[in-house]
Each structure stands twice: as structure tokens, then as C-alpha cells.
């Protein structure tokens, strides 16, 4: 089928496609919101163990105050305990997860050499609420021995992202793109609001896991949807700038987190940000690629007429014109039969091993997988770790989202002018250098550290955005879907690993940057070994076909899987 003729006749990105594109991409903002919302949902404020009785005096170094709330904003763990005196005359030394009762103190001083009775805190903590009034950490005391529960929230969310991408991508091929867009959008709104009323930690995690699945499902299908509605002349730009909507979602998270410091109100506001989409998504048409693949020629003709009318053109194109001559001769029934049989035959013949059919192909596959992995890992390490750089955490996260917008513009221009490889490799190398420089920057120069982090995010976003199209162009037609699908799997693995990598900052503050920097630099060098592409899908060469044990296949159309992430 020559469905691409639609765009030559009716425009590659005219009024109809533009309206549909921006409406569909608008909901992708919600995906960016929910992916990064946990940054402030699980924020842990300063805290110490509490004691029975009313506290009348507090000592911390040379500071003397009358309540814990006054000293908590300046309290630093590991610098010494807080010494408090209660109305009953008891004196306690408080730290984050321990408290010690002084035995027979002679006076109220910071230093004490006598005996103490030490015990662990059990669900009795005082939190600094000057910055965070309520988070799930303060509501459910996810600190000390329960700290791992708070840290598990983001990895479980990313696991849901992985499963959702696999599940909804396959379902969209069976029931259509529009139905999945509608279902996942509705579920994002419903589950997002439900999270705010979860009531306990375990219900919260389950709802967030389901929310991750539908958010990922929407993001995967919307890539396919907008690509199948835009012509090849603008496809690079439209596919890249779906990521820009995701970045806007990150900026919304930062702004909402700054304005709202109660987690459940924050969650509700984030969930309703893109709710207007629900009022018009049911008017979305199915894509012409899907309609033709299913043999729905009458619906295709209705869609063509609607596109032409909206674009102010006369529709001279007929649905039958999108079929190859031999296909038209064989008749519609035969086409439908072939459409049903061909996928099943391909599924029987192809396997993941076909990506390793030769040494050259194996090296290419390993390098592409590595780019998918480090792109996702670096993207989320820079995003999630931005709040730990020092300075204002809300501004840092906002900048981490804002810096992506110019990165996609630069990436698109560079890909069109110097090629995919010459854009991807320098981007990864720049990200690696930025990570290494962050390590050597003095800790007291916060502005420079933040600037280097944003440089790294800018660079990794370019590589992360272009790898979708680059993978499609690197592989022969007969295994292109396998290549993109397997690369997407490595991407999801990177997103699951990223939160654990960020938590390594507890071991050494620069360990996440060290890991990302080394990997980005090595993979950037390996990327230079990949072949350059011409900005369009490559046909199967005879050598590649023989390596795969198949005959040369020319003229095969790239199916809807080619743009899946």
C-alpha cells in the first residue's frame, strides 16, 4: 500500500494535521507530569525523633530555642543531636532515628558525659513543615526503617511504565489507536485523582503502578498516532516534539510543587491539568494507515474527504488509489486475507536472534541498545537528581524541563544538516563530559553545578529524542520492528534502574553522575562506529538479507511499529 500518497495530495502538515497533532500532544503533558510527580510526593523533610511530654527548651550547638519547629530548618543530620528538656524535667538527646534519655543530669547543657538510655523511634517523629507541609513520608512516617518504602515508589512506577508500553502497544494494533488514546486518557485522569485519596501506602503504590501503565500506554500510542497523520517531510520534527510536551509536564510539576505543599492537593491539581482533553478526544479519527491495514476503505475515504475539506482542498484521491496495482486487481477480499496472513507469517519467521544475524549486525544492535539504555538512564537521573543539586529545588526541576525545549530544536536542525550519527555521538560525549565536570566543581559553587547539570540534560535529551527515528533507519525493513521494540525494552530498563542510581547519592553524592558520565562517554565513542543514515527508512540490502537467511525484499512498507517507543 502507498498510504504516504495521502500527504503528497492533502499536505504533510496542513491545518487538519496541525490541529490533530497539537491536541494529541497536549495530553502527553500529563505523561510528563505523572512520571516526575513523585519528586515532591515522596519528599522527605528534615525530621527528628520525638519524645513523650511537652518540650520546653531545645539546645543545638550554640542555639537555644523553645520548640523543635524553630530549630528543625537548620538541623543537619550527623552534626550532633538535639538536646531537649520536657516540662517533667527529663532531658533527651534526639537524632533522626534514635533518642537517648539522660540519667540524672546535673544541668541543662549540650554536652553530657553521664549514662543514657538509648532507644529507637517507633512511629513518633517531628517534621520540619516550613517547606513541605504534607507528603506521603510525613503522613505515613516513611523514614528510618521504612525509608526503603518511600524509595520504592519511583522504581515501581517505572516498572508499570515498562509493562504498559508492552501491553498497550500491542492492544493498539488490534483495536485501533483512537480507542487506546481515549481509554488511557480517561484512566490517567481517574487514577490520578484516586491516588490523592489512596489512604495508605500500599493502595497508593498500586494506584500509581496502574497510573504508570496507562500513562506509558498513551505515550507509546500517541507517537504512532501523530506519525501516521504527518508526512515524511515533517515527521522528524513531529516525532521529536512529542518529547517537548513531556518536558512541559516536568515544568508543570515544578511550578505546582512550588505553589502547593500538601501532597494530595498537589496530586489532584496535576491530574486535572490536562482534563480538557477528555471533552474532545472522542472526536479523534482513526489513522489512515490503520484503516487501510484493516481493509476499512469506506472509512478511509470518509477520512480523506474530511482532511481535504478541513484543509480547503478538493479531494481527488480515492482509497483504492492507495493500493498497489496488483493489489487492486486481486480484489478487496484477497487483500484482507493477505493482511491477516502476512503478520502471522512474519511473527513465525522473525525472532530477537535475527538482530544478531552477522557480526556487523550484532555490533550495531548492541550499540543501539546501549544508546536506548543510557538515553533513558541519563534522562531520568538528570531529572530526578536535579532537586538535590543545591539551591532552589523547584527552580532546578523547572530548568531541567525547560532546557529540553531548545534541545529538540537543535537536535532536529542537526539531524537534517549533519546526520543522525554526527548528532547523537557528540550529544552523548557532551553529556559524559558535563557529568565529569560536575564531580570536580567545588561544592560551594552551586550555580556552576546546576549549569553543568542542565548542559548534561540538554545533551542527553538530544540523544534520547533522536534514537527513536535513528533505530528505524539503521535496520533493514524485515527486522525494523524488532529493532525498535527491543530498543524500547532497553529504554524501559534504563528508566527502572534510574531511581536506584539516584539513590546512590547517599553513598557518595557524585556517584550517579560518575556512572552516567562513564557510560555516556563510552557509548558516545561506540556510536561513532555506526553507519550514517539518509533520514529515511533503509531498504533491505542483499547482504543483510542473506545474513538473516532470507531473500532480498525491496519495497516493503514500514508498518506502524516502526515509530514505537
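Positions of Cβ are set from backbone N, Cα and C atoms, glycine also.
TrEMBL tags one of the stretches 180-199, 300-319, 320-339 as transmembrane segment, and that stretch is 180-199. Within the set 151-170, 511-530, the record from TrEMBL flags 511-530 under the feature transmembrane segment.
Matching 119-140, 361-382 against TrEMBL, the residues noted as transmembrane segment span 361-382. Of the given residue ranges 205-226, 535-556, TrEMBL assigns the label transmembrane segment to 205-226. Long-range Cβ contacts of the transmembrane segment (511-530) within its own chain (Cβ-Cβ under 8 Å, at least 6 residues beyond either end) map to 363-364, 367-368, 370-371, 374, 377-378, 381-382, 385, 421, 424-429, 431-436, 438-439, 456, 460, 474, 501-502, 504-505.
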